[in-house]
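*Asks:* As listed in TrEMBL for this protein:
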DOMAIN    1-356  domain 'FMN hydroxy acid dehydrogenase'
BINDING   Tyr24, Arg165, His251, Arg254  glyoxylate binding site
BINDING   77-79, Ser106, Gln128, Tyr130, Thr156, Lys227, Ser249, 282-286, 305-306  FMN binding site
ACT_SITE  His251  active site, proton acceptor
Amino acid sequence: MQMVCLTDFEEYAKEHLSKATWDYYAAGADECCTRDDNLLAYKRIRLRPRILRDVSVSDTRTTVQGTEISFPVGIAPTAFHCLAWHEGEVATARATEALNTCYITSTYSTCSVEEIVAAAPNGYRWFQLYVYRDRKLSEQMVHRVEALGYKALVLTVDVPYTGKRRNDIRNQFKLPPHLKVKNFDGVFQETAGPEEYGIPANTLDPSISWKDVYWLQSITRLPIIIKGILTKEDAELAVEHGVQGIIVSNHGGRQLDGGPASIDALPEIVETVQGRIEVYVDGGIRTGSDVLKALALGAKCVFIGRPAVWGLAYKGEEGVREVLQILNDEFRLCMALSGCRNVAEINRNLIQFSKL
């Protein structure tokens with residue numbers, strides 16, 4: 001069957017993945033209000049198209065952290081790609097390299113950071129990092145990815161504890177025995193006791209605070225991007241602590257339920273940051289029109305999580321390429337239909353909030 005939009009990939013993945021795997025990827029926290037609102041919030045935003053603007057030539061290129069990418073959509077960090085497709089993150093890396101955009105590799109990958117680099121040596125990659133109780137573990141990962149040529153660190157800050165994902169509890173979700181969190185191969189062998197998402201429970205450090213940003217800056221020269229900010233107060237603190245970027249994110253609605261949709265949190269953060277650092281957004285992007293809306297509200301680039309996994313489930317590398325290509329084509333079309341010839345012409349005047 002021909003895949004026309006991202007929903008087609010979602011339906012395919014739902015039919016073909018095991019129930020436990022589908023539930024894991026689809027999960028939101030608690031009642032899933034925030035997960036669902038991430039999608040609904042985009043539908044509340046209306047565009048104000050301008051006409052007769054000569055859109056015979058269009059250019060979707062942009063830059064993130066000074067590096068040019070072909071269009072403003074990257075791959076957000078999501079765990080366990082081998083659950084969706086046997087090659088896992090290696091396939092995701094090849095697809096993003098082919099489309100010349102940014103891939104944020106998850107700490108919780110089922111391929112190692114080395115395997116990912118070997119598969120797509122010319123890919124543009126950032127690495128998503130958690131801070132562990134054992135700081136040495138985090139520090140070793142930072143040095144590994146820096147040596148491998150990853151171009152930025154994405155510090156996830158919204159997981160002092162894991163959100164309550166009801167279906168994962170019901171399904172007693174566990175990685176199958178043939179898969180593991182490859183980056184920690186051999187690290188936790190002595191550890192008996194309960195496991196949470198492939199590593200021992202209580203490995204994450206709930207005492208993480210702003211001083212850990214300074215600690216991270218002291219051990220690396222890579223730009224630091226903070227993922228999981230939803231308020232102007234924290235955006236201001238991020239700028240004051242000298243980070244290079246913010247990803248406005250609620251973790252796909254998987255952490256705190258009842259927080260804002262990420263696109264609804266974006267405007268106050270953009271207004272506070274005032275261009276001092278780059279601001280990105282993830283959560284709920286399903287169409288080229290969503291991408292256009294996010295950019296009009298001040299995001300430099302957006303990142304997609306679940307749709308990349310659906311692409312993998314459909315056809316591995318080729319599936320992820322198709323997902324990205326469809327978003328690229330839709331974004332180009334929406335830009336033109338709104339009267340924008342390049343991303344520099346996309347601005348807040350394009351947006352009208354509807355009264356839904």
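Cβ coordinates come from backbone N, Cα and C, glycine included.
Just so you know, TrEMBL annotations are computer predictions that nobody has curated.
Computed from a predicted structure; not experimentally measured.
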*Asks:* Rounded to a whole number, how many Å is the Cα of Gly283 (FMN binding site) away from the Cα of Arg254 (glyoxylate binding site)?
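*Replies:* Just about 10 Å between their Cα atoms.
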*Asks:* So among Ala79, Gln128, Ile285, Gly305, all listed as binding-site residues, which is physically nearest to His251 (glyoxylate binding site)? Use the C-alpha atoms.
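*Replies:* When the Cα distances are compared, Gly305 comes out closest.
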*Asks:* Quick check for the class: what is the C-alpha distance, in angstrom and rounded, between Tyr24 (glyoxylate binding site) and Gln128 (FMN binding site)?
*Replies:* 19
*Asks:* Within the same chain, and leaving aside Tyr24, Arg165, His251, Arg254, name every residue whose CB is within 8 angstroms of the centroid of the CB atoms belonging to the recorded glyoxylate site, in sequence order.
*Replies:* Ala27, Gly28, Ala29, Thr162, Gly163, Asp168, Gly252, Gly253, Gln255
*Asks:* Limited to the domain 'FMN hydroxy acid dehydrogenase' (1-356), I'd like the whole-number average of pLDDT.
*Replies:* 96
*Asks:* To see if you understand the setup: which same-chain residues, six or more apart in sequence, place their Cβ under 8 Å from that of Thr156 (FMN binding site)?
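*Replies:* Those within reach of Thr156 (FMN binding site), by Cβ under 8 Å and sequence separation of 6 or more, are Pro77, Gln128, Leu129, Tyr130, Lys227, Gly228, His251.
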*Asks:* Quick one: give me the count of other CB atoms within 10 A of the CB of Arg165 (glyoxylate binding site).
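*Replies:* There are 24 such Cβ atoms around Arg165 (glyoxylate binding site).
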*Asks:* Taking the binding-site residues one at a time (Gln128, Ser249), which has its Cβ surrounded by the most other Cβ atoms within 10 Å?
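*Replies:* Sorting the candidates by Cβ neighbours within 10 Å, the top entry is Ser249.
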*Asks:* Round to a whole number and give the Cα-to-Cα distance in Å for the pair Ser249 (FMN binding site) and Arg165 (glyoxylate binding site).
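*Replies:* Answer for this pair: 17 Å between alpha carbons.
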*Asks:* Measure between the Cα atoms of every pair in Tyr24, Arg165, His251, Arg254, the residues the record assigns to glyoxylate, and report the largest value in Å, rounded to a whole number.
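*Replies:* About 13 Å separates the two most distant Cα atoms.
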*Asks:* If you measure Ile285 (FMN binding site) to Arg254 (glyoxylate binding site) at Cα, how many Å is it?
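*Replies:* Distance (Cα to Cα, whole Å): 16 Å.
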